[in-house]
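Beneath this line is the structure, given in structure tokens, with notes to follow.
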Amino acid sequence: MAGGFGGSGAAAGRAEFYEGKITGYFILACIVGSFGGSLFGYDLGVSSGVTSMDDFLKKFFPDVYHRKQAHLHETDYCKYDNQVLTLFTSSLYFAGLVSTFGASYVTKRRGRRASIMVGATSFFLGGAINAAAMNIAMLIVGRVLLGVGIGFGNQAVPLYLSEIAPYRIRGAVNQLFQLTTCLGILVADIINYFTDRLHPWGWRLSLGLAMGPATAIFVGALFLPETPNSLVERGHLEEARRVLEKVRGTHKVDAEFQDLKEASDAARAVTGTFRNLLAVRNRPQLIIGALGIPAFQQLSGMNSILFYSPVIFQSLGFGSSAALYSSIITGSMLVVGALVSMVTVDRLGRRFLFIEAGIQMISSMVVVAVILALSSERE
């Protein structure tokens, strides 16, 4: 896609001639666009809390509730071993995975804004159905719609932010997606902490409030510009230049606009994309960058910890409220980390942050392993 012009040879030669300022139009686009991350973050946080709420379990998973209340000789985590409950949690991610293929087509053919609006609509419907759920089937349908919304949003929003951002702060603007994802998790954890006390319908409020950010994104998207990159890709050159001038706040956009056109022409000239991807010369980038890094990031277990954090805390002996409160602390640290990376990414670079994060994760795991080993010896 044309969004990658920042690293091309032409862009590298003209970037110093880019002009523009931070306009109100650009700020609005960033705020609305970045809220797409809150969809994923909110659902990740709210689902983890709802599945630990007794009222939710009594209505839909009574067997799990009774096992949780019975003082059996097993950890609380094992008491959640239920295939239907697993289907409830995993259906969202499977739907998100499948929907990304459709999202890719819509994003390319209809534009980034169209994908964002489709995602917001699907997420709104999913939140409404889950909040009104009377049986397992409604829960699953709602989760699938939420997954479709996340699939479209996660595919289009980071791309939108990267393409709308000025050249010099593109990394920080792109990090807005991660920041709002973390904020969504934190907000969901806080909401779960209070709705857990609203018997017996608190879980409905937690799930239903997902419609809030979805509505904000959809309404905001009505006023958002399409990215100049997308417009150039689809041959709307005059409109692309007009939007670029409005977003940058200047008519002096010749250098950047020329780079957009050249990058789009270069993208159209590429043939045999997947065959080239599998070529020997591209295998290091494919294995390490496209497959290895994302795979090992997931295999680190961080997303699983976030999703099941209240359950994990309960298995350690925390009460329901204490487990939800502990999740708030975890969510707060995510926000702090996202803010730090947002401030430093354009100054220190992506590679530095990646290496630093890896060292920090390894160090944390070693410390935890040592603490657990010492605790076992004392017992």
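Cβ coordinates are placed from backbone N, Cα and C, and glycine is handled just like the others.
In TrEMBL, the feature transmembrane segment is placed on 84-107, out of the ranges 84-107, 252-275. Over the domain 'Major facilitator superfamily (MFS) profile' (29-379), the average per-residue pLDDT in this prediction is 84. Tertiary neighbourhood of the transmembrane segment (114-134): same-chain residues 33, 36, 39, 43, 60, 103, 106-107, 141-153, 155-157, 160, 204-205, 207-211, 213-215, 217-218, 221-222, 224, selected by CB-CB distance under 8 Å and a gap of 6+ residues from either end.
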